[in-house]
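*Asks:* Sharing a structure here in structure tokens format.
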């Protein structure tokens with residue numbers, strides 16, 4: 001099935017220095033071009049066990065191993081990965097040339113996940129950091145795709161996350177266009 005897309009329905013006269021979204025229906029992994037960045041929100045414990053994170057773990061097992069090592073081995077329980085930060089994983093899985101972007105929007109998962117307002121606040125800082133990491137990758141990333149982050153297992157209405165993301169003021173060299181995918 002071909003993915004369907006619609007243009008951003010943001011407010012008229014929106015600042016040119018903010019993120020621009022196009023919306024797509026379909027599988028964000030399917031037919032993703034080489035060097036595409038695929039973004040999801042995750043906890044800072046390195047656990048990809050449910051929701052779209054589980055799909056990332058199944059499709060990109062070597063990326064998951066690197067992510068888990070970063071969270072669980074390179075950071076101690078007393079010095080965990082800070083929420084509001086991000087990780088950019090270069091392509092490591094054979095047969096896949098996709099970058100993985102991890103937005104650390106909640107410290108924990110399940111019933112212990114952060115409150116929605118904290119997750120939304122962490123999202124702006126996480127995305128800002130990820131956009132800077134992409135800039136530092138110096139043109140290696142072809143395009144950016146993202147699910148409706150936080151709206152699944154973290155239970156945050158997409159509209160709140162979307163508003164927070166659109167409040168980010170882009171810095172020089174940051175990507176502006178992001179494709180938003182939903183099944």
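Placement of Cβ uses the backbone N, Cα and C atoms for every residue, glycine included.
So Swiss-Prot lists these for the protein:
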DOMAIN    8-183  domain 'Macro'
BINDING   26-28, 41-43, 48-53, 149-155  substrate binding site
*Asks:* Which of the three DSSP states, helix, strand or coil, fits residue 41 (substrate binding site)?
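*Replies:* It is in a strand.
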*Asks:* Where does residue 26 (substrate binding site) sit in the DSSP three-state scheme?
*Replies:* coil
*Asks:* So how many other Cβ atoms are close to residue 41 (substrate binding site), meaning within 10 Å of its Cβ?
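*Replies:* A 10 Å sphere around the Cβ of residue 41 (substrate binding site) contains 30 other Cβ atoms.
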*Asks:* Find the average pLDDT over the domain 'Macro' (8-183) in the predicted model and report it.
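*Replies:* It averages 93.
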*Asks:* Does residue 155 (substrate binding site) have same-chain partners at least 6 apart in sequence with Cβ under 8 Å from its own Cβ, and which are they?
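*Replies:* Non-local contacts for residue 155 (substrate binding site): 113, 116.
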*Asks:* For residue 48 (substrate binding site), which residues of its chain lie six or more apart in sequence with Cβ-Cβ distance below 8 Å?
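*Replies:* Listed in sequence order: 42, 54, 56, 57, 64, 67, 68.
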